[in-house]
Amino acid sequence: MKIAIVGTGYVGLVTGTCFAEMGTDVYCVDVDTQKIENLKKGIIPIYEPGLEEMVKRNYQADRLHFTTELKDCLNEVEVLFSAVGTPPDEDGSADLKYVLDVARTIGRYMTKYLLVVTKSTVPVGTAQIIKQTIQHELDLREMDIPFDIASNPEFLKEGTAISDFMSPDRVVVGVETERAEALMTKLYRPFLLNNFRVIYMDVPSAEMTKYAANAMLATRISFMNDIANLCEIIGADVNMVRKGIGTDARIGSRFLYPGCGYGGSCFPKDVKALVKTGLVNGYPMRILQAVEDVNESQKTILFDKLYKHYNGDLKGKKIALWGLAFKPETDDMREAPSLVLIDKMVDAGCQVTAYDPIAMTEAKRRIGDKVDYAKDIYDSVVDADALVLVTEWKEFRMPSWNAIRKLMSVPLVIDGRNIYDKTELAENGFIYYCIGR
Ligand code: UDX
């Protein structure tokens, strides 16, 4: 079976590579010539554990092809996945420019039946717009070529993208015809040995499922952040509360970790887009608006703790910042809480020295010399008036507190992910702040 994946971002590249790994012949298409040339050389644009080797292996096996020419693949493939970006525009709605560009090219150049599957997260109704766009182009050509549309939202997480794709909890597929369902069943058959379910439904429901899943997960996080903040005020420990509620099977223990706010390419964008969809359709999404508001204020909570500790006098303070990426195991800094914190600290006159195991190149690209960059965790804390932890990378979990206390100017730790033991920090002579404990 031959398929094309348009867009070689996170979702597109992982999808294409994983299908190739299962023996499918895959064309990965992107308009970015440099990116395509790099991929052919095995240079991948993102940091994702295991991806580089898998790309190289399948490229060498001639199952994975990279091209900038979408129109040439259209004669070759039976199924085309659209995984191009849907960045938020100024008002928070998803910008469909790239999605519609792809649809127009398909309509202009397709020569035989094609199943067009949307993988990007797109507002409900987008598949219909794609269908109309393709049909419009075919009408202009006075051609009558059959095609189907489908929606197959992707739920992979950065950092564990390959295992998420290979062994997902479920695959959601929205289809309109039996032909489309049969093709999708054929495509996913090799994965079924990994024991998951393909859930078929109508197209709008599949589109909505992706938003509802991300919105629910973001809601859990903001809810726990609210609970954590209240715990702190009334003297409860949110870790205990989290364990106490997470053992209820109806609630479950995952995604209940309070912290300094969620970031990344999905939650912030999708929550905003669903709020916008609600407004446009005359149904304000009140809970989600609150989820978004709580997250915005949570991103400043570490700064607030620092500000309070120093009674607002932060001018000239040296701050060590651990973790720039929005979460561990990625170099992605999109909507990262670290960015908000850095802005606030720099505005208040702090001198920030940051360290991240993977994301420092990305940070230099984004914020340049707004902060200094340390070569390791110990280098970052020299003469520091505070150490602020933003991302829970494994290598931050068991530092030598003895060495750190000697290097710091003031033994103050502000832990945005609750990864340290309060007693251990106190025994080592640190003033320790965390979230909701
Ligand atoms: C998310 C969804 O999980 C995934 O299904 C979807 O396809 C894309 O969006 P991702 O953005 O890669 O994936 O990261 P995820 O691991 O879900 O974390 C998102 C954010 O929530 C991170 O900033 C993380 O730090 C935060 N988070 C997560 C918490 O603050 N607490 C938690 O308990 C879990």
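The backbone N, Cα and C atoms fix where each Cβ goes, glycine too.
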According to TrEMBL, Phe155, Leu156, Lys157, Glu158, Phe255, Leu256, Tyr257, Pro258, Gly259, Gly263, Lys327 bind substrate; which one of Lys112, Lys210, Lys370 is listed for that same site? Lys210
For the NAD(+) site that TrEMBL lists with Asp30, Lys35, Thr86, Thr121, Glu158, Arg334, give the additional residue from the candidates Lys243, Lys269, Lys406. Lys269
When pLDDT is averaged across the domain 'UDP-glucose/GDP-mannose dehydrogenase C-terminal' (320-422), the result is 98
Sequence gap of 6 or more, C-beta under 8 Å: which same-chain residues meet both conditions with respect to Lys35 (NAD(+) binding site)? Thr8, Pro45
In sequence order, those recorded positions of Pro258, Gly263, Cys266, Lys269 whose CB lies under 6 Å from ligand 1: Gly263, Cys266
For the domain 'UDP-glucose/GDP-mannose dehydrogenase C-terminal' (320-422), the number of residues DSSP places in helix, strand and coil: 37 helix, 18 strand, 48 coil
Per DSSP (three-state), Lys35 (NAD(+) binding site) is helix
Pro258 (substrate binding site) and Lys269 (NAD(+) binding site), distance between Cα atoms, whole Å: 20
